[in-house]
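Trainee: Have a look at this one before I ask anything.
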Amino acid sequence: MTARSRPGYFRQEINKTIWEVPDRYKDLKQVGTGAYGTVCYALDRRTGAKVAIKKLHRPFQSDLFAKRAYRELRLLKHMKHDNVIGLVDVFTADLSLDRFHDFYLVMPFMGTDLGKLMKMERLSEERVQYLVYQMLKGLKYIHAAGIIHRDLKPGNLAINEECELKILDFGLARQTDSEMTGYVVTRWYRAPEVILSWMHYTQTVDIWSVGCIMAEMLLGKPLFKGHDHLDQLMEIMKVTGTPSKEFTAKLQSEDARNYVTKLPRFRKKDLRILLPNVNPQAIKVLDGMLLLDPESRITAAEALAFPFFSEFREPEEETEAPPYDHSLDEADQSLEQWKRLTFTEILTFQPAPAVAESKETAL
């Protein structure tokens, strides 16, 4: 069903909801749906580019939902890097604040993600180098803004057929009680300090995740595949070794300190034995990432300088984002205030100059 709506817009029913979209976008097809929104593929008539349009599910049903929607919009507006997903466009068909109920985020359409790619084929060392290099460039940029991803995994690393990678869902992930129990795939890439809430964590939680993802790319299977959060910790310590007394003393929680001191003793394993036939330069990168003590892990900027990435390295592309002001979206606001702020962000969006697509961008 399609019908006319606001001038310059058209209406279309997708997944039992009405979408109101500018005429510049055509051929809408649903490609995904989740807890917070539905995503459609579309073609941008203006540039010829393939795009992904996300409609949030009832973004203003509560002040919590409104806060989340505002934060997602602001984060996407802030990001301007080839390896981090950013906004092509943002729009609403609602003409005034009192009628404002829905808005749509437009992003580049990538086609697949690393999780799907790894299921389809074993990746060559050269592709691992190129993909991890892009992950680290994206993380250096995000971390410079003062943002921690918190939930890096193969499924939110989008890839197109040119093997270009963009990080998705940065800064939005929040740990919940439901994620701490059961068989959750995400856990396989989580840093130990996040799994057990050991301490106030830093940007190096993302470096741990990259180490897990890189090891899986080289090994062909997850490195740490625990059945619950305690089993996950045991799997990790079989490789990293049991924490030192110095590290245990840093744990803020007395319960965590007591728990760790009662664990079986494990000796640190040599990654060269776990990943035989892997380039020693790749092992050096993993050795710097997969350390139990977050303070000892390498940063994204340090990792980029490792010889393993020298073939693809272009330091001028390793840029840093300007600082992101967290105070705006952590403020205590009413639902109406969040709506007003979001509406203003949409009206003030400045798109990048349009560049026509010269190549396919979907896998």
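Glycine is treated like the rest: Cβ placed from N, Cα and C.
When I checked Swiss-Prot for this same protein, it listed these features:
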ACT_SITE  Asp151  active site, proton acceptor
BINDING   Val31, Gly32, Thr33, Gly34, Ala35, Tyr36, Gly37, Thr38, Val39, Lys54  ATP binding site
DOMAIN    25-309  domain 'Protein kinase'
MOD_RES   Thr181  phosphothreonine
MOD_RES   Tyr183  phosphotyrosine
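Provide an account of the burial state, proximal residues and distances for the features listed.
Mentor: According to its DSSP assignment, Asp151 (active site, proton acceptor) is coil. Here the Cβ of Asp151 (active site, proton acceptor) has 23 other Cβ atoms within 10 Å, regardless of which shown protein chain they belong to.
Under the DSSP three-state reduction, Thr33 (ATP binding site) is assigned to strand.
Taken together, the residues of the domain 'Protein kinase' (25-309) have an average pLDDT of 90.
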Trainee: Measuring CB to CB from Gly37 (ATP binding site), give everything in the same chain under 8 Å that is also at least six residues away in sequence.
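Mentor: Once residues fewer than 6 apart are set aside, Gly37 (ATP binding site) is near Lys54, Lys55, Leu56, His57.
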Trainee: Among the binding-site residues Ala35, Val39, which residue has the largest number of other Cβ atoms within 10 Å of its own Cβ?
Mentor: Val39
Trainee: Taking only same-chain residues 6+ apart in sequence, whose CB is under 8 Å from that of Thr33 (ATP binding site), what do you get?
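Mentor: Same-chain residues close to Thr33 (ATP binding site) (Cβ under 8 Å, separated by 6 or more) are Asn15, Val39.
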Trainee: Among Val31, Gly32, Thr33, Gly34, Ala35, Tyr36, Gly37, Thr38, Val39, Lys54, the annotated ATP contacts, find the widest CA pair distance and round it to a whole Å.
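Mentor: Between the most distant Cα atoms of the ATP site, 14 Å.
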Trainee: Determine the Cβ neighbour count for Val31 (ATP binding site): the number of other Cβ atoms within 10 Å of its Cβ.
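Mentor: For Val31 (ATP binding site), the count of other Cβ atoms within 10 Å is 15.
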Trainee: Determine, to the nearest whole angstrom, how far the Cα atom of Val31 (ATP binding site) is from the Cα atom of Asp151 (active site, proton acceptor).
Mentor: 22
Trainee: How many whole Å apart are the CA atoms of Asp151 (active site, proton acceptor) and Ala35 (ATP binding site)?
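Mentor: The separation of the Cα atoms works out to 16 Å.
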